[in-house]
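Enquirer: The following block contains the structure, expressed as C-alpha cells.
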Amino acid sequence: MKRMKLLLTLLLALLLLAACNSSNEADGPADNDATGGEEPATTEVDEELEAAKAKFEPLGEIPVPEDNEMTEEKIALGQMLYFDERLSGNNKLSCASCHAPGAGYGDGLATFIGFEGFEGHRNSPTIINSGYYKENFWDGRAGGLEEQALGPIQAEGEMNQNLDELIEELNAVPGYVDEFNKVFNDKITADNIAKAIATFERTIVVKDTAFDKYLAGDDDAISDEAKEGMKLFVGKASCISCHAGPLLSDHNYHNLGMEGDDGRFAVTGNETDKGKFRTSGLRGIADTAPYMHDGSLATLEDVVNYYNTGGGAHPNKSELMKPLNLTQEEVSYLVAFLESMSGDIPMVEKPELPQ
C-alpha cells in the first residue's frame, strides 16, 4: 500500500511539472516580443490623407464691427425687418423672398425673380456665413453686411424701395418706433435699418459640419469616399487653389469660362475683371443648389464635371481652369467630400411683425 501511495505521488508531481512547462511555452512568444521578438501589428497611417487634412482649418467666430455690436434685441429687430414685405416698394417682397430659410437661404431658382416679376440674370446667393466675407454680392460691389443690406432694398429689379419713403412708412408703425428706440436709443434711420438686418444675418452660420468634426479629430465623421475626395481637393483637382482658408474661399474673383455677364468688371471698370466672380465658401453647399453666379449647374456633380472639363471658352478665363482628367469615380469622391461640409442650418420663422 505504501508503495502504491509513493507511485501516485510521483505521478502527480510529473503531471504538475508538465503543466508548468506547457504554461511557460504558451507565455514564451509574449516574452520574446518584449525582448526584441516579432513586432505587433500597427495601424497604417495614410500619410497623403494626413497631409491633406493639415491644409484645412476650422471656421472661427464671425467678425463683428465695433460700431454694430450684436445683442439679442438687435437680432430680433433684424429678423422682423428681414421678413417684412413693407421693405419693398409694392409691399409684396421681403429679404426672405429670395433668401428663404427653407431653401438654404437662397430661393432654389437658377436666377432670381424680383419686383413685379422682374427676371434677374444672377442666382440669389445664400446668406449662410455671409458675415465672413470681406466683400458681398457675386461681383463684390458691397463691403460688409451693413452695406449689403440696403442694396437689394433699393435695387429697381429687386425690392425697388425708396429709403426715404421706407423710413416714413416705418415711422408710421408705432411698434417699429418703439423697437428702434429700444435697440438703438435712436430714431429710425437707413443706417440703423442696415445695422439691424446685418446683425440678424450674422446669426446664419454653418460651421459644425461633419467635415469640421473630422478636422477636430473624429476620424469616423466623414466617409472613406469623402476622405478620398479630400485628397483630390488638395491634389489632383487643386480645388484648394481658390477654396482655401477658414471659409474655404480666397475672397478673390475668378473667371471660370462662363459667358454673358461682365461680373466684377461692372464694379472696377478693369478689363482684366471681365467675367470674374467671387469665390464662394463651401460650408452648407449641399443645401444651396443651384450653383454658379447664373445658377446654370443644378447639382454638385454638375459643378465638379464642369471643372473637370476645364470650363468654357471665355477669352479672360483663369489660367487655373484646365481639364482635370478625373475619372467618374473620382468625381463622386469629390462630391462626397463637398457633401461632408453640410451641417445644421439655423432655421428661423417669420416673427410677429410690429403694428
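Each residue, glycine too, has its Cβ placed from N, Cα and C.
These came from TrEMBL, pasted as-is:
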type	residues	note
SIGNAL	1-25	signal peptide
REGION	25-46	region 'Disordered'
DOMAIN	73-204	domain 'Cytochrome c'
DOMAIN	224-342	domain 'Cytochrome c'
BINDING	Cys239, Cys242, His243	heme c 2 binding site
Enquirer: For the recorded heme c 2 site formed by Cys239, Cys242, His243, which further same-chain residues have Cβ atoms within 8 Å of the site's Cβ center?
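Expert: For the heme c 2 site, the extra neighbours are Phe233, Ser238, Ile240, Ser241, Ala244, Leu248, Ser249, Asp250, Thr279, Leu282.
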Enquirer: Among the binding-site residues Cys239, Cys242, point out the residue whose Cβ has the most other Cβ atoms within 10 Å, with all shown protein chains included in the count.
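Expert: The most densely surrounded of these binding-site residues is Cys239.
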Enquirer: Provide the three-state secondary structure of Cys242 (heme c 2 binding site) computed with DSSP.
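Expert: Its secondary structure by DSSP: coil.
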Enquirer: Kindly state the mean pLDDT of the domain 'Cytochrome c' (73-204) in the predicted structure.
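Expert: So the average pLDDT across the domain 'Cytochrome c' (73-204) works out to 98.
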Enquirer: Around His243 (heme c 2 binding site), how many other CB atoms lie within 10 A of its CB?
Expert: 19
Enquirer: Could you tell me how many residues in the domain 'Cytochrome c' (73-204) are helical, how many are strand and how many are coil under DSSP?
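Expert: Counting residues per DSSP class in the domain 'Cytochrome c' (73-204), I get 69 helix, 6 strand, 57 coil.
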